[in-house]
Every structure is written in structure tokens, then in C-alpha cells.
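What TrEMBL says about this protein:
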- 30-49: transmembrane segment (TRANSMEM)
- 61-82: transmembrane segment (TRANSMEM)
- 94-114: transmembrane segment (TRANSMEM)
- 120-148: transmembrane segment (TRANSMEM)
- 211-234: transmembrane segment (TRANSMEM)
- 254-271: transmembrane segment (TRANSMEM)
- 291-312: transmembrane segment (TRANSMEM)
- 332-349: transmembrane segment (TRANSMEM)
- 356-373: transmembrane segment (TRANSMEM)
- 402-420: transmembrane segment (TRANSMEM)
Amino acid sequence: MDEVFHVPQAQAYCQGRFLQWDPMITTPPGLYLLSVGVVKPAAWLFGWTGSVVCSTGMLRFINLLISAGNFYLLYLLLLKIHQKNKAVSGFQRILSSLTLATFPTLYFFTFLYYTDTGSVFFTLFAYLMCLYGNHKASALLGFCAFMFRQTNIVWTVFCAGNVVAEKLNEAWKTELLKKKDERISSMRTSFSDLTLITRFLIEYLISPKNLITLIALTWPYIVLVTAFFVFVFVNGGIVVGDRSSHEACLHFPQLFYFLSFTLFFSFPHLLTPTKIRKFLQSLRRHRVQYILITAISLFLIWNFTYVHKYLLADNRHYTFYVWRKIFQRHELVKYVLVPAYIFAGWSFVDTIKSKSIFWILMYFVCLLSVTVPQKLLEFRYFILPFLIYRLNIPFPPIYRQLVELAFYIAVNAATFYLFLNKTFQWPNSVEIQRFMW
């Protein structure tokens with residue numbers, strides 16, 4: 001449905017009309033600039049003329065090429081992130097890369113002219129360069145990602161946060177060695193020592209020497225984020241074009257929706273008998289903490305639930321039916337789901353407990369920044385935080401990966417079938433409508 005705006009805009013750029021802009025488009029022109037940069041040289045090289053150049057099919061093919069790049073980037077990221085795990089075979093890495101490349105919410109838009117594929121490509125590429133320590137290249141790629149979608153600036157901050165978290169973890173381990181306190185592990189995400197960690201963070205960050213070191217390491221990201229704030233100031237907001245339907249708000253339940261989304265698409269890893277048993281044990285041991293978490297969750301749902309007009313009006317999206325069939329059944333449904341949210345959150349954190357506490361804190365700051373301000377419940381907004389989470393969990397057994405892949409293939413088959421064969425029309429329109437993410 002967004003192709004109605006994206007395709008004519010790209011075709012205008014192909015014809016050299018770079019000052020023409022459809023006000024209904026709310027993202028920067030990265031997709032169109034990339035398309036012109038690929039199609040124009042290819043047309044000259046192969047002698048294409050007329051309607052073939054920048055046709056809808058040609059523009060969609062660019063996204064298909066980018067998706068092949070996404071598969072390779074996912075493989076390289078898995079290789080880099082899990083390089084110390086010698087037990088992981090090459091087959092497992094390829095299988096995981098293939099699974100993530102077919103992640104339904106992303107894979108669906110591979111065959112359409114949307115910003116999602118390019119947005120994921122440049123963000124993952126920036127993350128990869130960050131992990132290899134090439135921070136100038138990472139920041140440049142982060143700028144390219146921003147040109148596809150403004151909220152990708154958060155993942156530039158995430159890359160800088162990776163550097164900071166690594167330095168903090170090194171200093172934390174040194175601190176523990178000095179104190180010879182073996183009760184606290186620098187690689188465990190135990191929140192019982194939150195006070196000690198907070199004190200350490202404050203002491204570390206108020207040190208001029210440490211701050212200079214961090215700035216020296218992350219200055220390319222600082223320059224990019226500063227430029228972003230200048231853009232927001234000059235533009236009068238983060239949105240380009242029509243802002244009436246993209247107003248920022250504090251929509252805290254978006255975190256619960258994301259956790260549920262992740263539980264659904266990662267159920268082979270998150271919804272296991274072992275996980276359920278460990279959660280129930282944790283529930284018995286920390287009853288007061290869980291009561292407090294439940295109370296906070298109920299309060300956030302009560303005071304910060306927003307329903308976007310598109311969610312209620314556009315019956316082409318699956319979110320329309322999720323909201324109508326589940327949340328609109330009864331006013332109390334959104335509160336009844338809190339135990340499921342808490343389990344999803346616990347299971348989510350449990351799978352990344354091998355990461356340092358600083359990495360986890362940094363990831364959650366970025367996750368909240370990219371989801372909570374969004375008023376609209378839109379599954380596409382969850383693609384990048386999900387992929388980054390999934391890349392960083394320990395490698396699961398092969399049988400779980402195969403179940404996950406089979407599940408993704410089944411979901412993709414169902415969504416493509418509905419999209420192609422179950423068309424419908426609105427009463428006031430002659431155009432064919434289709435179901436999609």
C-alpha cells in the first residue's frame with residue numbers, strides 16, 4: 001500500500017526531479033537515492049530504455065538484491081558475535097542466517113518496494129563495522145540507515161553503546177579483581193547488585209580520563225547524533241512530510257507488545273518446559289519483586305495505552321485483527337495479559353544473560369527509545385530490535401533452529417497466500433485490497 005507513494009517518488013528521482021516530494025512520505029529519501037544510484041548505471045550498462053528503467057518491477061528487484069546482502073550480513077554478524085564459541089558449526093551459522101533472513105515481518109517486504117529491507121541492511125552493516133572496531137565506517141553506514149528511516153539513529157547510539165559497554169565491562173572486571181569479590185560476576189545480569197553497579201557507573205563516568213577515552217572512541221557516532229539533533233531542530237520534528245499521523249507519545253505498552261511479538265516468533269527458544277519451570281521457581285523466590293512489577297505494568301497499561309486511528313480503521317493490516325480479536329473483546333483483556341507479558345520479559349532477559357549487564361542495560365535503553373514513542377502498533381517497527389536480540393542469544397540446539405525455520409516458512413507461506421489470493425474491496429473504492437503485515 002505504501003508503494004503508491006514510494007514508486008512515483010523514485011520515478012521522479014529517476015527523471016532528475018529531485019526537488020519534487022510527496023508530502024505523504026514521512027521518511028528521508030535514502031531508498032530513492034539508492035535506487036537511482038543502482039538503476040541509472042545499470043540502464044546505461046545494459047542499454048535499457050523506456051518504461052523498463054525505474055519500473056515498479058525494477059525497483060522491487062533492488063530490494064531483492066539488498067535482501068541477499070542482509071543474509072550475508074546476518075551470517076557475518078553471527079560469526080563475529082559468537083566467535084569464541086568453537087562448538088558452533090558452520091552449518092548452524094548458515095541455518096541461523098537463513099532463518100533470520102526469512103523472518104516473516106522482514107521477508108514479506110523483500111518483494112515490495114518498501115524502506116524496511118534497506119533500513120535493515122545499513123543498520124546491520126553499521127553494527128558489523130562497529131564490532132570490528134571500524135567506527136568511522138559504522139557511523140557513515142548509520143547515516144545511510146538514518147536516510148531510510150529516522151528512528152535508525154537509535155541504532156547508531158546502540159553501536160556507540162557497544163563500545164561504552166565493552167569499556168565498562170573491562171573496568172568492572174578490574175574492579176572486582178581489586179576487591180577480590182567473587183560473589184558478583186561481571187558476565188551475569190544479576191540485579192541484586194544494582195546499587196553497587198550504579199555506584200561504579202557514576203564513579204567511572206565522572207572521571208575526566210574515562211570520559212576523554214570514551215569520547216575518543218565514539219566521536220564518529222557523537223558527530224552523527226549531533227547532526228541528527230540539528231536536523232530535528234531545523235525540521236521542527238523528526239518526521240518528514242505529513243506529521244499528523246506520526247505524533248510521538250509515551251506509549252509504554254509498546255514494550256509489552258514487542259515482548260509478546262518476540263515470544264511468538266522465538267517460541268522454540270523462549271517457550272520451553274525448562275524456561276517455564278525456571279520462571280515458576282523465580283516467581284516463588286521473588287514474590288515481592290514480581291508483585292511490584294505487576295503493579296507497575298498495570299499502571300503503565302492503565303495510563304499510557306494509546307490506540308492510533310490507523311489501527312482501528314485499516315483492515316488490511318494484521319495488527320487490525322490482533323487488536324479487534326484480542327484487545328477489543330473486553331476492556332479488561334489488556335490487564336489480564338500482564339502475567340504473559342511478565343513471563344515474556346523474564347524469558348527474554350534470561351536468554352541474553354550471557355551478555356554483560358552493561359550491554360543489557362544499553363540494549364534496553366535503545367529498545368525503549370525505538371518503541372515507546374510510537375503511537376501506532378506496527379509490527380515492522382519491531383524488526384530491528386528483534387534481529388539484534390536474536391543475533392545475540394546463545395546458539396540454540398539444531399532441532400530448535402529447524403523448528404524455528406519451519407515455523408517461519410509456514411508463516412511466510414500463509415501470509416503470501418492471503419496476500420495473493422484473499423483479496424477484497426472496500427465499499428467506497430474499486431481498488432483491490434490485500435492483507436499484509
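Cβ atoms are placed via backbone N, Cα and C, with glycine included.
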The transmembrane segment (30-49) vs the transmembrane segment (291-312): 3 or more CB pairs under 8 Å: no
Leading contact stretch, 211-234, 291-312, 332-349, 356-373 vs the transmembrane segment (254-271) - CB distance under 8 Å: 332-349
Feature contact check the transmembrane segment (61-82) with the transmembrane segment (120-148), CB under 8 Å, 3 or more pairs: yes
In contact by Cβ distance (the transmembrane segment (332-349), the transmembrane segment (402-420); 3 or more pairs under 8 Å): no
Non-local residues, at least 6 beyond the ends, that sit with Cβ under 8 Å of the transmembrane segment (332-349): 189, 253, 256, 259-260, 262-263, 270-271, 275-276, 279, 282, 290, 293-294, 297-298, 301-302, 305, 326, 360, 389
